[in-house]
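Annotation comment: Swiss-Prot describes 1-27 as signal peptide. Annotated topological domain 'Lumenal' per Swiss-Prot: 28-439, in sequence order. Taken from Swiss-Prot, the feature N-linked glycosylation site covers N307, N361. The feature transmembrane segment is assigned by Swiss-Prot to 440-460. Taken from Swiss-Prot, the feature topological domain 'Cytoplasmic' applies to 461-473.
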Amino acid sequence: MAPSLSTAVSSLLLLLLLAAAISVSSSPPMPEDSIRVISAEKRIDLTSPIVKVFLTLKLENDATAPEASQVLLAFTPTEVEHLAIVKATRAEGKRKKKIYVPLSVKASDLAAAPNGARLYSILLSTPLKPAEVTTLEVFYALTHSLEPFPAEITQSDPQLVYYRDSAVLLSPYHVLEQVTYIKMPSNRVESFTRVDPTSRAGNEVKYGAYNNQLPNSYVPILVHYENNRPFAVVEEFVRKVEISHWGNVQITEQYKLKHGGAQHKGVFSRLEYQSRPSISGVSSFKNLLARLPPRVHSVYYRDEIGNISSSHLRSDSHKSELEIEPRYPLFGGWHCTFTIGYGLPLQDFLFESDDGRRYINLTFGCPLLDTVVDDLTIKVVLPEGSTSPQAVVPFLMEQYLETSYSYLDVVGRTTVVLKKRNVVGEHNVPFQVYYEFNPIFMLAEPLMLISAVFLFFVACIAYLHMDLSIGKS
């Protein structure tokens, strides 16, 4: 009895293993099995405090694989933490007729790659057919990825930073050939990791070419170099946009700014700073450039003390540039707060859609150039009586509504609040806020003002005709 039972169990296990093998063999190939990277070129720009990476991928789908509707990108956990934006385009056409079609990029729902790497999906406009070859251009920006070393410097020291990455492309696909270029702001490169073949020409280090890299390959490298660009970090940025249908858009921007580079140690000598500008405080910054909308008016720049006169405005019909100077130069770890305000002509920014709704068209992001915004808030205050507000922004963010009150308001003004963290210059794109508005509400405040004046005169007349004298009883 026992031998027959053992034989039955063995036969059952054999059938289960055979079924599992058939299931695995008939299942569609995984993405890393069906797509391969023919060539990859990675260019890393370290000339500013923001790390900018340009990636060119030439991909081929396997001849026996089904159509691929997406391409996966892999990022390390550290890169995901500091990732500000990812954009991708696909090259279509040949030579002079070649165009680059923007593609949607989002975090993938697939399981993470080895070592905690996170996958992002590039959604292709048209599926990649079997044996088809295509080229993708990818751009992404990393903030707070440069580590000052030494962490503290004196007024006369240059600023040195570390940058960590991989000599080979981290990818879920098999990479046949690849090369990486790292560009620094100057020729002063203290050291860099060598992974043969590695070469250096001036301010650029080249890694590769490397051939036949397996999926999820990673070779850590470290670059130590001089970067004296101002590490301007806006810890908190709040923009308030107030719309008046009487002809004006008033904008108020509040900044909490800090120098995010190597911490300043020792005393500060203004005499040395002014007499030796090429040596003293080379990594500090004493002015900033803000790119404002065209045709701005009534511009002011002030801090908690009062107006700051050290600013210069250049404005025309195409752009406006405001150069501002804080009351003191900013060194590593130093902070300052200030406010910029200006007005805009209503007819240039408020429009009416085909369905009768009104919408304001503005630029998202921070107007200060080459800055990182840790926490950004935009408040669009709609005219009193506005209903059905809707914000259209080309990327994910937090949105909610609140009510604001101003002079002569009765029910308050609907305010659309937009919040986003880790904002860079590539986020400075147009966005719209749609709303419905009954023109009768434009008469509310004038009627209240007229009524108040009328009641005041009635009270004055009544007072003049009142007999307040004390008569004899």
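Each residue, glycine too, has its Cβ placed from N, Cα and C.
These figures come from a predicted structure and were not determined experimentally.
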What is the total of other Cβ atoms whose distance to the Cβ of N361 (N-linked glycosylation site) is within 10 Å?
13
Whole-number mean of pLDDT values that fall within the topological domain 'Cytoplasmic' (461-473):
74
Using DSSP and collapsing to three states, where does N307 (N-linked glycosylation site) fall: helix, strand or coil?
strand
Under a criterion of Cβ-Cβ distance under 8 Å and sequence separation of at least 6, what residues of the same chain contact N307 (N-linked glycosylation site)?
Y300, Y301
